[in-house]
Structures are given as C-alpha cells and as structure tokens.
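Per TrEMBL, the features are as follows:
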type	residues	note
BINDING	11, 47, 81	[4Fe-4S] cluster 1 binding site
BINDING	155, 159, 162	[4Fe-4S] cluster 2 binding site
DOMAIN	2-118	domain 'MTTase N-terminal'
DOMAIN	141-370	domain 'Radical SAM core'
DOMAIN	373-436	domain 'TRAM'
Ligand code: SAH
Ligand code: SF4
Ligand code: F3S
C-alpha cells in the first residue's frame, strides 16, 4: 500500500482542501504515513498571502530535495495558492517536484497519478476552474466531532493588498441543499460542531439569489446532533441585520465573529479598498454587542500598508484600545506581485513597521490578559478537543466565544461538552476545572 503525507500551510480553506485530498488518496488505496520520510507521495498545500508563507514552502522544498535523491520513486506534488501563482516556475526552480496543481485542480489527482510515469512533469494551473464538490463521504476529516465546511469559494473584493482573488477566482456559493445533506451526514457520523467557511462567508448566496448565510444557519440549526455552529470570515460590509438577529436568537450558533478590520485609519482603509470607515466598523461592533452581549470578536490587522504614517498607526492603536478584540492577528504588510498596492510608494522603513507591530502586539497582550482575568470564576461550556501536548493529564478545548481553556480530564472526554469553571487567566489561554459533562 503506498503511503501519503500532506503538509498544509495557510488558511482554514486550505485545511479543508487537504482533508479532501487525503480522502481522494485513500479512495485510491493510499494510507497515511506517520513520518514524512516514509511516504511514497508528499504533497504541499501552499499559501501565497504573504512572502513569509511562501518562504516556508521554499524551505520545505529544499529539505525534500534530499529525500528525493535517496528515493527516486518518491512523488512530490504542490497544490494550493502558490501552485496557482507560480505554475511551471515551481518545477523550473525545483526540478524534484513532479506535479503542480492550481486552485481547485486537486480533484484531478486520480488522473494525474495514473498518467505520471516517473519522468513526466505535470502542471495544471492555467485557468482557475469552477470549484467542484468532492463527495462528502470521501473527505478524510481531521477529527471525528468537528468539521470544516466550505460554503463559498473565492472572493470578489480585490482589496488592494491581497492576492487571494487572483488565485481563488470569483465568489461561488455551494448549493444549500448539498450543504444541508453534508451536515446531516456529518451529524449521523457523530460530528457535533461545524464551522462554515468562506473568504467572505457573509457573501454566501449572493450569486444564487434566493438564500443567504442567515437562512443557512437557521437550516443547520434544525439538524439534531449538531450542537455548535461557527462561521468565518465575515466582511464588515456584508454583515446584515438579519444575520445578527439569527446569531442572537439561535443558541447553537456561537456568538464569535471574525471581522477583519485591517486598519483604524480611514485614509488607509480607503487605499486598501475595504469599503467601510472606522466609525462604520465600530458602529457594527456596537450593534452586534447590543443584540448579543456575550459576542466576542477577532480581527486581522495589517501593519505598515504603503503610505501609512505615524498618525495612521495611532488610529489603529486607538481602534484596538476602543474595541478590545479577543484575538488580533497582526501582520506586517507584504508586497504581493500583481496587486495594485504593489505599485504604491512604500517609503516607511521596515524598522518603523516593526516598532508599530511590536507596540500593537504589546497593547493586545494587555487587553487580552485583562479580558482573561475577567473570566476567572465564570462557568463556561467547553468542547474538549485534544490532549495538551505539553501536559498529558490536561485536555484543551474552546468556549462558545472561542477562548482556549486547559483543564485536567481523562482522554475519554474528548469530543464531549463539559461545564468548566475558569480558575486562572494566562496570557493566551485560560485554565479551568471540570464541573461535569453536559448534555446539550
Ligand atoms: N477574506 C479574509 C481573509 C483573507 S487573507 C478577509 O477579508 O479578511 C487573511 C488575512 O491576511 C487578511 O485579513 C489580511 O489581514 C492578511 N493579508 C492579506 N494580504 C496581505 C498582505 N499583502 N500583507 C499582509 N497581510 C495580508
Ligand atoms: Fe483578500 Fe479582501 Fe478578499 Fe479578504 S476580502 S480575501 S482581504 S481581497
Ligand atoms: Fe493563503 Fe490562499 Fe488561504 S493565499 S490565506 S491559502 S486563500
């Protein structure tokens, strides 16, 4: 039996694609390899969102060169966003790569594996095809009680810094009935938590015309067995009152919002092409908090966008102070070839950007620690997810509002909902004690 090994970089969409690829390979008789060195086929699922993401893949490809020297029969394939961006250049630069599959082309894997005779190199990455659903019974999910479910592919927004729309194509929503069938099937298999995915999950249905994310949440909420529903990423411009109302009134829908702000300065937001001002964004947060008092918010911030000045940075700092996000993913701006911002003047030295980055990071540390402290003494429902790799007596899991909690418990409780009393705040997590198992 040939063995496969997949390495995944990038966003949740990529994690979901890797689960599909694993399923496709197992359907062909491949088995997973514990160790990369023992695999017959190694696949890299790649990300292009920042230069750093691509550098990691280049580093890994360097490592793989040695493996290929030792074992000429080893197959190495690249898929995901870098495959779409670089196409044959990947094989020119890394001749030990056997095939390159651009966005959504991994469904062709069975044909390609059949046609590869050890010499032939295959590059399938010209036009971005319309994404095809993979039979959901085939998908090899990472875990038995939680599932990622992409509901909309691609992006129409073309923020000026971002390469995603060029690599994933235009928005395409999946058929709602097919999604419901998938969730029903997953529930019958013991899945209790589903996360609906999209680059802009709240654009769901715009291209179909008669359904939106709120409708889909209501339908999924009806499915017995499903206890928690999450969704991400939301675009601040597309969050409707109807969606807020549905989240507020459907207890299985977790009140956690991933709402990338990107910058606190209106001048920069305009240059990014985000389609909202900071005060509009803040009003949205306030509206959600008014309807859903326990709502939590995570966000993405780009530091040092071309032309950003000290006062723009200060506006972003003020935004973090005002809104007090639960999680902030900070990234220094990375120039992406082919995007409009790549042509903007970018006179700010890297050292300044790094100082801004560090300042925001320190600020967020304080904010999150204070927030964590305020949770001590509370009782929260946590879905036990995995053993703490640093302490085998502990499990970790997440609260409804996506806080990470560690607590002592037996492995058998993984996949169960537990009532946990929060006893201690740490910087990036909470510690708690299990009170009892709960039947939701
Ligand atoms: N569709 C989502 C996520 C897209 S990529 C959204 O609209 O937010 C995830 C994050 O990567 C973005 O939110 C952005 O903060 C960051 N990002 C995208 N392009 C970037 C770039 N060129 N440099 C730095 N960060 C970038
Ligand atoms: Fe990129 Fe903007 Fe689309 Fe998000 S909304 S994927 S940041 S272009
Ligand atoms: Fe990266 Fe592509 Fe996702 S660029 S963030 S893997 S959509």
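Every residue gets a Cβ built from N, Cα and C, even glycine.
Everything TrEMBL records as a feature, shown here on the structure.
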residue : record                          : DSSP (3 states)
11      : [4Fe-4S] cluster 1 binding site : coil
47      : [4Fe-4S] cluster 1 binding site : coil
81      : [4Fe-4S] cluster 1 binding site : helix
155     : [4Fe-4S] cluster 2 binding site : coil
162     : [4Fe-4S] cluster 2 binding site : coil
Residue pair residue 159 ([4Fe-4S] cluster 2 binding site), residue 47 ([4Fe-4S] cluster 1 binding site) - Cα distance, angstrom, rounded: 17
Proximal but sequence-remote residues of the same chain as residue 162 ([4Fe-4S] cluster 2 binding site) (Cβ under 8 Å, at least 6 apart): 49, 155, 336, 339
Any further residue of that chain within 8 Å (Cβ to the Cβ centroid of 155, 159, 162) of the recorded [4Fe-4S] cluster 2 site: 157, 158, 161, 163, 164, 165, 199
[4Fe-4S] cluster 1 site, defined by 11, 47, 81: further same-chain residues with Cβ within 8 Å of the Cβ centre: 9, 10, 13, 14, 46, 48, 49, 53, 80, 82, 164, 167
Filtered binding-site residues, from 47, 81, 162, whose Cβ is under 6 Å from an atom of ligand 1: 162
Entries of 11, 47, 81 (binding-site residues) sitting next to ligand 2, with Cβ under 6 Å as the cut-off: none
Neighbourhood of ligand 3 - binding-site residues from 11, 47, 155 with Cβ under 6 Å: 11, 47
Fewest other C-beta atoms within 10 angstroms, as judged across 11, 155, which are the binding-site residues: 11
Rounded mean pLDDT for the residues that make up the domain 'MTTase N-terminal' (2-118): 95
Neighbour tally for residue 81 ([4Fe-4S] cluster 1 binding site), based on other Cβ positions within 10 Å of its Cβ: 26
